[in-house]
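*Asks:* Per Swiss-Prot, the feature S-adenosyl-L-methionine binding site maps to Thr152, Gly173, Asp195, Asn234; the stated evidence is sequence analysis.
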Amino acid sequence: MAFQECVIEVAQDQAEAWSDALFDLGALSVSVEDADADTPDEQPLFGEPGLEPKQLAWNRSRVVALFGDDADPAVVVAAAANQLGIDPVPPYQLRAVEDQDWVRLTQSQFEPIRVGERIWVVPSWHDAPEPDAVVLELDPGLAFGTGSHPTTRLCMQWLEQNLTPGETVLDYGCGSGILAIVARKLGAGDTVGIDIDPNAVEASRYNAERNHVEASFALPESVSDASYDLVVANILSNPLKLMAAMLSARVRAGGRLVLSGVLERQAEEVAAAYAPWLPLTVWRSEEGWVCLHGTRP
């Protein structure tokens with residue numbers, strides 16, 4: 001089956017309305033992109049939990065809609081414009097998209113990732129690259145965290161170099177469960193992963209089972225306020241600052257805290273947020289991101 005892709009350039013305040021209208025009128029999928037992407041005018045657009053986004057769309061947005069080969073995109077675009085009260089119909093571009101083996105195509109884009117001296121993240125369709133490797137079998141797409149992002153790599157490298165076998169571990173904001181799983185594979189004792197997203201909790205349980213690892217994963221309200229030898233949180237700077245008191249309380253006296261998801265320019269303010277409970281210093285940085293660590297007195 002072939003598909004038809006329709007691309008419409010719209011104003012910032014019209015992007016969401018166009019997306020909804022095209023969906024209502026039969027589009028199989030709709031995405032919104034920066035119309036100036038890959039040009040000097042490209043506009044970074046991102047937010048962070050705990051902060052209201054300053055802007056919800058790009059100044060010039062490109063709405064990309066996908067239709068089946070039996071649809072008439074011209075009729076749909078005209079109907080959407082009429083529904084939105086837009087006249088004349090804005091210009092748009094059409095192109096044919098051939099059907100492919102999308103699973104095979106996606107798999108071809110992911111290779112095993114070497115994270116540390118011995119740690120490898122390996123998709124299920126690949127074999128372990130080294131016989132003595134610490135292998136995490138993990139497929140992309142289940143939840144955030146596959147080892148490809150610098151913050152995940154930094155945390156995994158810290159665990160490889162600093163984890164003491166038998167230590168209890170809390171992975172707060174576990175995502176795919178990757179840090180909890182690698183901690184167990186490196187010899188950690190009781191390990192708990194917490195995430196506010198039920199899908200992440202399910203993905204973590206699935207990944208732990210696939211990797212033959214015993215670890216508990218749950219939503220925050222389902223876990224006791226126990227303290228741990230090691231607490232790891234790879235989130236973002238603003239949530240980390242908001243949770244400073246809570247995360248610090250989860251670290252037992254003499255235990256250690258490891259934080260990432262923090263840009264180099266944010267490290268000082270994150271460390272300041274935790275200063276009432278424990279000192280944090282930069283352990284390592286990569287591609288503008290840092291890993292902070294410290295020991296609770």
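Heads up, the Cβ atoms here are built off N, Cα and C, so glycines get one too.
Would you situate these features in the structure and describe their surroundings?
*Replies:* Around the Cβ of Asp195 (S-adenosyl-L-methionine binding site), 25 further Cβ atoms fall within 10 Å across all displayed protein chains.
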*Asks:* Which secondary structure state does DSSP assign to Thr152 (S-adenosyl-L-methionine binding site), in the simple three-class scheme?
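*Replies:* SS state of Thr152 (S-adenosyl-L-methionine binding site) = helix.
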*Asks:* Kindly assign Asn234 (S-adenosyl-L-methionine binding site) to one of the three DSSP-derived states: helix, strand or coil.
*Replies:* strand
*Asks:* Looking only at Cβ atoms, how many others are within 10 Å of the one on Thr152 (S-adenosyl-L-methionine binding site)?
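*Replies:* Other Cβ atoms within 10 Å of Thr152 (S-adenosyl-L-methionine binding site): 25.
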